[in-house]
Structure formats: C-alpha cells, structure tokens
Amino acid sequence: MDQDPETLEPFPVDRDGRKLRQSDEDEDHGKLGCCDKFQRTVSRWMLPEKSRNTYLSRANCCPPPIFIILISIAELAVFIYYAVWKPQKQWITLDQGIWTSPLTYKPELREEAWRFISYMFVHAGVEHIVGNLFMQLLLGIPLELVHKGFEVGMVYLAGVLAGSLASSIFDPLSALVGASGGVYALLGGYFMNAVVNFREMIPLLGVLRILAILVIVGTDFGFAFYRRFYTDEQGMRVSFVAHFGGIAAGMTIGYVFFSDYNEKLLKDPRFWICIVGFVVFLLFAVLFNIFLSPAP
C-alpha cells in the first residue's frame, strides 16, 4: 500500500522547487574529518574565494609541509649546538661561539660564498630563534599547504640571499646571523597577497591580517635597530638590512608565487620581471663585493 505523501517527512527545497544543499556548517561537522576542516580554514585565510574550490578539491595533509618544518628543525639544532656544546654554554645571548662559526656571514670572509646562505642557521639568542621559528612556522605551514613546498622554499631562500646581499651593499662592515631574511620574505609575500586579494577574502580578517603584519614588522624592526646601533656583541655589529632585503624579495617574488593560485607562472610576465630583476640585483651585488666593497 502506497504511503500518503502528506505523511512523508518534507525535504528542504528553495522557492523554485530545487533541493537545497546541506549547509557548510552541517557538512563541516557531519562529513569532514579533522584534516579537511583544517584545510578549509587554511583556504579561507590564504586564498581568495575564486580559488578555494580548486584548492579544496586537491588538498591533502599528506605529505605535510616538509620544507618549512625541516628548515626550522635544522635552525633549532644549530642553535642548540652553539648554546650547549660551545664554550659559552648558555642560552640567553650567544657570543663567541656564533662569531667564530663557519656559518655566520662576516664581511671579511665574504669570499666564502656559502656564508651568504648559511647565516640563516645561526641565531644570537633565545628571543632571536624563538621569534623567527614562531613566525616562519605560523606563516610557512599554511603557505606550504596551499602552495608547493618548492615555491615556499624558493621564496624563503630568495629572501635569505637578498638579505645578505643587501646587507653586504648597504651595511658592508656588519656581520649577519639569523633567518630574518627568509621570514620577512614569507611576510612580504603574504602581505601582498592580503592586499591584492583584499576584496575577495574575508574583509574584517583581511584588515586584522594586515594590521598584525604591520605590528610584527614594526616591532621586529625596532629590536633590529636597537641591536645594530645600541649593542655591541663581542665587537661585532649585527646588520638589520637583511630585513629590508627579505621583505623586498617577498613583495616581488613572493607576491608572484602566492597571489595567483593555480596559475601557470611561466606564462605570467610579472614572474619574469621579478626573476630578471632578482638576477640583475644578484649580479650587481656580486660585482660590488668583488670590486667596490669597503670591507676588508
């Protein structure tokens, strides 16, 4: 015997008679796992609305954001080595150990080219390493989940290299330690992404993101100026110019990598403008250090 249609439980329809989809909230709590929920949150923070569906259809927590995690572990390991197994054996402010390190950038040893990159592994104290690790993990993990580890790695390393090269030109007599160039490259790329896609992202959170970046950058620059002009660790002046170089790299190369998700970069003229500009800067910095630098 057929059941009376009037006794059946109604299903939700719109005014045209089409069945409504389950709400995002119900879907989140009913069907999505923890990884999927996390990916959805990341997409709202990192991507404009038009790119979120493409990202979510491909998103997977495996593999994890391996580049930023590995580079953070390496930096922490080097810090622990110099804090525990070197003569000072203390954690607050490292001294002789890092200044004699083969990793530290020192102007008189700039012919050892690896120092232009390796200085990122050496940090001057607990507040230095904690600040850099916190920021690069906070930004790097979501960025690497959305973008490829290769892209995040290239932006990070471009910031590190731009930081040391800028320091060698504009502050040529100062030493350099810390991963601030790479951290600022991630900050610069994310800042440009938040500004360019402001209308397509959550407006209130967009304002908060931009303000948070400005506060963080302003505070960190203040400490960097203080360390440069008002402290003198073992007679070595620590440059702050790497911050400028890193953020410049992030606002150019990072902007291209992070602002257009799912786009073919090789067909984007902005990509080639940024790459050519970076190469020209690199060549100029190399020639400056060979022929014009006042450093010994």
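Every residue, even glycine, has its Cβ placed from backbone N, Cα and C.
Please treat TrEMBL annotations as automatic predictions, because they have not gone through curation.
As recorded in TrEMBL, the features of this protein are as follows:
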ACT_SITE  SER180  active site, nucleophile
ACT_SITE  HIS243  active site
COMPBIAS  12-31  compositional bias 'Basic and acidic residues'
DOMAIN    111-258  domain 'Peptidase S54 rhomboid'
REGION    1-31  region 'Disordered'
TRANSMEM  66-84  transmembrane segment
TRANSMEM  145-166  transmembrane segment
TRANSMEM  173-192  transmembrane segment
TRANSMEM  204-226  transmembrane segment
TRANSMEM  238-258  transmembrane segment
TRANSMEM  270-292  transmembrane segment
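Through the fold, the transmembrane segment (173-192) approaches residues 46, 71, 75, 98-99, 104-107, 119-124, 128, 132, 135-136, 139-140, 143, 152, 155-164, 167, 209-210, 213, 216-217, 220, 224, 228, 236-239, 241-243, 245-251, 253-255, 257-259, 294-295 of its own chain, all at least 6 residues removed from its boundaries and within a Cβ separation under 8 Å. In this view, the residue listed as 'active site' is surrounded by 24 other Cβ atoms within 10 Å of its Cβ, with every protein chain counted. Across the range of the domain 'Peptidase S54 rhomboid' (111-258), the DSSP-based residue counts are 116 helix, 6 strand, 26 coil.
Same-chain neighbours of the transmembrane segment (270-292): 110, 158, 161-162, 165-166, 168-169, 249, 252-253, 255-256, counting only residues six or more beyond its ends whose CB sits under 8 Å from a CB of the stretch. The domain 'Peptidase S54 rhomboid' (111-258) scores a mean pLDDT of 82 in the predicted structure. If you take the Cα of the residue listed as 'active site' and the Cα of SER180 (active site, nucleophile), they are about 6 angstrom apart, rounded to a whole number.
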